[in-house]
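Visitor: Quick one: the structure is below, questions incoming.
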Amino acid sequence: MILDGTLEASVQAAAVALQQGRLLGLPTETVYGLAADSDNDAAVAQIFAAKGRPANHPLIVHVADAAAITRYAKEVPVFAQQLIDAFWPGPLTLILPRLPHAAKASTGGQDSVGLRCPSHPVAHAVLQACQQLDPPVWGVSAPSANKFGRVSPTTAEHVATEFGEELLVLDGGACEVGIESTIVDCTRGVPVLLRPGAITRDDIAHACGQRPLSKEELSANTPRASGTLLAHYAPNAKVRLMDARQLQSALDILGSEGKNIAVYHRSPLKCTAKGIALRAMPQQALATARELFGTLRDFDETGAQLIWIETPPDTADWEGVRDRLQRAAAAG
Ligand code: TXA
Ligand code: MG
C-alpha cells in the first residue's frame, strides 16, 4: 500500500509500523530503502528474507540526528566528526566501531556499524516520529528496496513493483540524488572510500583535510558488503560500457539490422537502425545519477536485450555513476 509521505498521519502510521516490527518502504534523498527497527532482530531478519540478501552483508542504520550516534557507535574519530559536521543530514554513510549490544542482526555481527542521517524531509519526519514513540525506535535499518543484486528504486512505484501491494510504502516523490550514499569507513585510522556517491572523494578531502584511500589501497580484509560487490545493480539486459569511438563502430557494424538495443550516450552518434533506442546522458554527473536507475529500468521495459553505455569521464564528480555502471556491466 502506498501512502502520501507528506501527510503527518502517514508518517505516524509508518513510525508505529516500524515500532511493531513491520517493514516499510522509506523514501530518502538517495534511493528508497526497505526499512525496519535496527534493534529488532526479527524485523531486520525480514529485510534479509524479503531482499534475498545474504545475512552477513551489513545494513545501514539511519538516525534522526548526530546525537543518536552514541546509541550505536563506540567512538567517533576526529575526521569522522568533521565529515558529519560537513555533510549530515545528507547522502553520506560512516562506518564506525559498534557498541556491543546495538543493531546486532543489522550489522551481521560485525564489530562496526554503518550510520547515516538522511536529509529527505519524509525520512527525517519518520525518524523523528520514531524517537518520540514509547518505546522509542532510535535507528532504522534500510538497504535499498530492491531484490538482491538488482537496480535500486528511485520512486515509490518501483518499490511497490519490487515487493508487491502488501508492503507499506511512503511516497516521497522521485529521489533527488538517485544513487546510494557515499560510504566512508572510519574504523581504520584514515578515511577509506568503500562506495563512491554524490559526495565525492574531493568533497571528503576538503571537509576533513585527508584524501580518502580506496579499498584497493587497504591490505587488511574489508567486511563483506553487497553494495560493493563487483556485479551489482544489474538490469535484466546485458550492459556494456564503451568509449564514443567503440560505440559508433558497433552501430556502424549493425547498420540497419540492429534491434532490442538501448544506447545511453554522451557524444553525438549516427545510427540508421530503427530498433535501437537512443538516449542522451545529461552533461552533469549529478543529473545523470538522478536518472540513472530509472533509465536502466526504462530500458528493461522497452524489451532491450543489450544496453550500450558510453563511459563517463574519469573525474571525481563522475566516480559514483562510473562505479554503478561498471558493476551493472560486470553482472552480464
Ligand atoms: O543511500 C543509501 O545508502 C541507501 C538508502 C536507503 O539509505 N541504502 C543502501 O543500503 O544503499 P544497501 O544495504 O543497499 O547498502 C549498504 C551498504 C552495504 O552493502 C555495505 O557496503 C555498507 O553499506 N555497510 C553497512 N554497514 C557496514 C559495515 N558495518 N561495514 C562495512 N560496510 C557496511
Ligand atoms: Mg543496495
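In case you wondered, yes, glycine gets a Cβ from its N, Cα and C as well.
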Visitor: Given TrEMBL annotates Thr30, His62, Arg116, Ser181 as L-threonine-binding, which of Ala142, Ala145, Ala207 belongs to that site as well?
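Guide: The one candidate that TrEMBL places in that L-threonine site: Ala142.
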Visitor: Round to the nearest Å and give the CA-to-CA distance linking Arg53 (ATP binding site) with Ala142 (L-threonine binding site).
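Guide: Just about 12 Å between their Cα atoms.
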Visitor: Which ones in the same chain are close to His62 (L-threonine binding site), with CB under 8 Å and 6+ residues apart in sequence?
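Guide: Set apart from His62 (L-threonine binding site) by at least 6 residues yet with Cβ under 8 Å, we have Leu26, Thr28, Gly33, Ala35, Leu115, Arg116, Cys117, Pro118, Ala123, Leu127, Gly139, Val140, Ser141, Ala142.
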Visitor: For Thr30 (L-threonine binding site), which DSSP three-state class applies?
Guide: coil
Visitor: So which other residues, same chain and not among Thr30, His62, Arg116, Ala142, Ser181, have a Cβ within 8 Å of the centroid of the Cβ atoms at the L-threonine site?
Guide: Thr28, Gly33, Ile60, Pro91, Thr93, Pro118, Ala123, Glu180
Visitor: Looking only at Thr30, His62, Arg116, Ala142, Ser181, the residues listed as binding L-threonine, what is the longest Cα to Cα distance in Å?
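Guide: If we measure all Cα pairs in Thr30, His62, Arg116, Ala142, Ser181, the largest is 13 Å.
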Visitor: Give the subset of the binding-site residues Arg53, His62, Arg116, Ala142, Ser144, Ser181 lying near ligand 2, defined as CB under 6 A from any of its atoms.
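Guide: Those binding-site residues that pass the cut-off, since their Cβ is under 6 Å from ligand 2, are Ser144.
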